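Below: one structure, written as C-alpha cells.
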Amino acid sequence: MASMGEQNGVVSTRPVMADNRNFADFEPAVKKPKRNKFAFACAILASLTSILLGYDIGVMSGAIIYIQEDLKINDVQKEILMGILNVYSLVGSCAAGRTSDWVGRRYTIVLAGAIFFLGALLMGFATSYAFLMVGRFVAGIGVGYALMIAPVYTAEVSPASSRGFLTSFPEVFINGGILLGYVSNYAFSKLPTDLGWRFMLGIGAIPSVLLAVGVLAMPESPRWLVMQGRLGEAKKVLDKTSESIEEAQLRLSEIKEAAGIPQECTDDVVKVQKRSHGEGVWKELFLYPTPAVRHVLICGIGIHFFQQASGIDAVVLYSPTIFEKAGITSSDGKLLATVAVGFVKTITILIATFLLDRIGRRPLLLSSIIGMVASLTTLGFSLTIIDHSHEKIPWAIGLCITMVLAYVALFSIGMGPITWVYSSEIFPLRLRAQGASMGVAVNRVTSGVISMTFISLYKAISIGGAFFLFAGIATVATLFFYMFYPETQGKTLEEMEGLFGKFIGWREEAKKLKMKKTMEVNGDGTSNGQIQLGNTTTK
C-alpha cells in the first residue's frame, strides 16, 4: 500500500495504512456535502439567465392575443412578433463566445441580464408595433447571451459525477420561466387590454435584476481562469466545487493539459499563449477540423437543430391556438389549459435532472424522442379528425389535450435538458465557447423559422398535417441520435475528445475507455482519484 502511493505520483508520500486516521485526507465523505452545495449554488445562479427566454416564450403565447386586439396587427405580423426574438438572439449567441473568452463567463452573465432588462422595459412601454419590435430586438440579444453562457459556465464548474444534473438547470429554468409567463398571462388578463399585455411583458425585467445581484456571489469558471494563466484562483474554485482534494487536483491537471500549460507549472500566475479570444478557433471548427472535432460539431449542431425542428416552440408558443382548434373557445379556458402545459413541463424537467447522472444521456434522449414521435403522430391524428368534423367529438378533444401534455412531458424528460447538457460538455476546452455559441445559433434560427411560419404552415397543410410533419422530423432525429451519439455520462470534459472521431465506431472507443478506467481502479476500491492523478500527470 505504501509503495502504491509513491508509484502513482500522489502529492502526499506518507504510507496508506489500514488505520482510519491515515485515510482522512483521502475521504471525500466529510467535505462532499459542502462542495456539492457550492457547485449547486453556482449552477443555480448561472442558470437563472435561462429564465429570461422561458418567460418570454410563455408570456408571448398569451400576450399576443391582447397585442393583436390592441395594435390591430394581422396574422403575418403576429407570426413575426412571436418568433423574431429567436432570430434576434443570434446576435447575442454569436457574440457571447468571444465575449465570454474576453471578459470571462461570469461577467458575460451580468451582461446578458442587463441587456434583457433594457429589452423588457422597452417592450413594456411600447406604444406601437415598431416600438415593440425594437424591444424584441434588444431582449433577443440578451436571450442569446444567456442561452450560450449558462450551460457552458455550469459544465465548467461542475464535477463529472453531477455534471448532468447541474448542467440541466438551464432547461429547468427555461421551463420555470415558461410557467411564470403562463401564470403572468392569466394574472394580468383581467386588466384593460392596453395595459394587460404591457404588464405581462414588462414584468420580465425583475428576474434580470435578481440575476445581476446574485452573480456577485459566483466564482469565475476554473477553465477560463486556467486559460488566462491564473492557476491559483482556478485551484481555489476547483477545491470548492470538486468532491475531493484528489478530484480537484485531477481536474486542474487535465485542464492544464488541455490549455497547453506544462504540468510542472505550479505558480499562482503563469504566462500563457493568448489564444483565448477566438483566434484560430473558427478555422479549427470549420476549415481544418480533425475527425474528432468534425464529429463533435455535427453532434453539437445536430441536437440543437432537431430539438427545435421537432416542433416544441410551435406547441408552447401557439398552445392557445392549438387548444382553440381542439374545441376550447373561451379565453380563460385556453389560458388555464396553457398553464397546465407549463406545470407539466416544469414537473417533468425536475424529474429529468435526477435521472441524467443515473440513467445516462443516451437512454433518456432515445426514449424521449421515440415518445415524441408517438405523441406528435397521435396529436396530428386527433386534430385532423376534429378539423374534418362538423360537430364536437369529446374523445378527440380529450385525446388532443392529452397528447399536447404528453408531448411536452416527453420533450422535457429527455430532449429538452440533454440538448444543453450534451452540447456544453462535448466540445474541447479551446473550442467550447465558440462551439456552444454555434449550437445556440442553430437552435435559435430553427426556433425562429418554426415559430414565424407555424400559422402559415398549418393554413397550407392543415393543423394536423403540421404535426405529422414534426413527427417525421422527430423520426429522422431518432435514427441520427442512435447512430452517432456516444454516452458521455461520468466522463470528464477532457476525456470527451477520445469518444469522438469515428461516427460509427464510437462504441468500440467507449469500451476501450471503460476498460482503461477499470484497469486504473485500485484493487480494494479505494483512492481511485489518486491513481488517475498519477496516470494523468505522467503522460
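Even glycines carry a Cβ here, placed using N, Cα and C.
Those TrEMBL annotations? Automatic predictions, nothing curated.
Database features (TrEMBL):
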type     : residues : note
COILED   : 231-258  : coiled coil
DOMAIN   : 42-489   : domain 'Major facilitator superfamily (MFS) profile'
TRANSMEM : 38-68    : transmembrane segment
TRANSMEM : 80-97    : transmembrane segment
TRANSMEM : 109-131  : transmembrane segment
TRANSMEM : 137-153  : transmembrane segment
TRANSMEM : 165-183  : transmembrane segment
TRANSMEM : 195-218  : transmembrane segment
TRANSMEM : 335-356  : transmembrane segment
TRANSMEM : 368-386  : transmembrane segment
TRANSMEM : 393-415  : transmembrane segment
TRANSMEM : 465-485  : transmembrane segment
Seg_contact(the transmembrane segment (109-131), the transmembrane segment (465-485)) with at least 3 CB pairs under 8 angstroms, min sep 6: no
Long-range Cβ neighbours of the transmembrane segment (335-356) (under 8 Å; 6 or more residues past either end): 58, 61-62, 164-165, 168-169, 171-172, 175-176, 178-179, 181-183, 185-186, 189, 315-316, 319-320, 323, 328, 364, 401, 404-405, 408-414, 416-418, 421, 489
Close approaches to the transmembrane segment (465-485) from elsewhere in its chain (Cβ under 8 angstroms; 6 or more beyond its ends): 295, 298-299, 302-303, 306, 309-311, 314, 361-362, 365-366, 369-370, 372-373, 376-377, 379-380, 383-384, 422, 454, 457-458, 503-504, 506
Proximity verdict for the transmembrane segment (137-153) and the transmembrane segment (393-415), three or more C-beta pairs under 8 Å: no
When counting Cβ pairs under 8 Å to the transmembrane segment (195-218), the leader among 38-68, 80-97, 165-183, 393-415: 38-68
Criterion met for the transmembrane segment (80-97) and the transmembrane segment (165-183) (at least three Cβ pairs under 8 Å): no
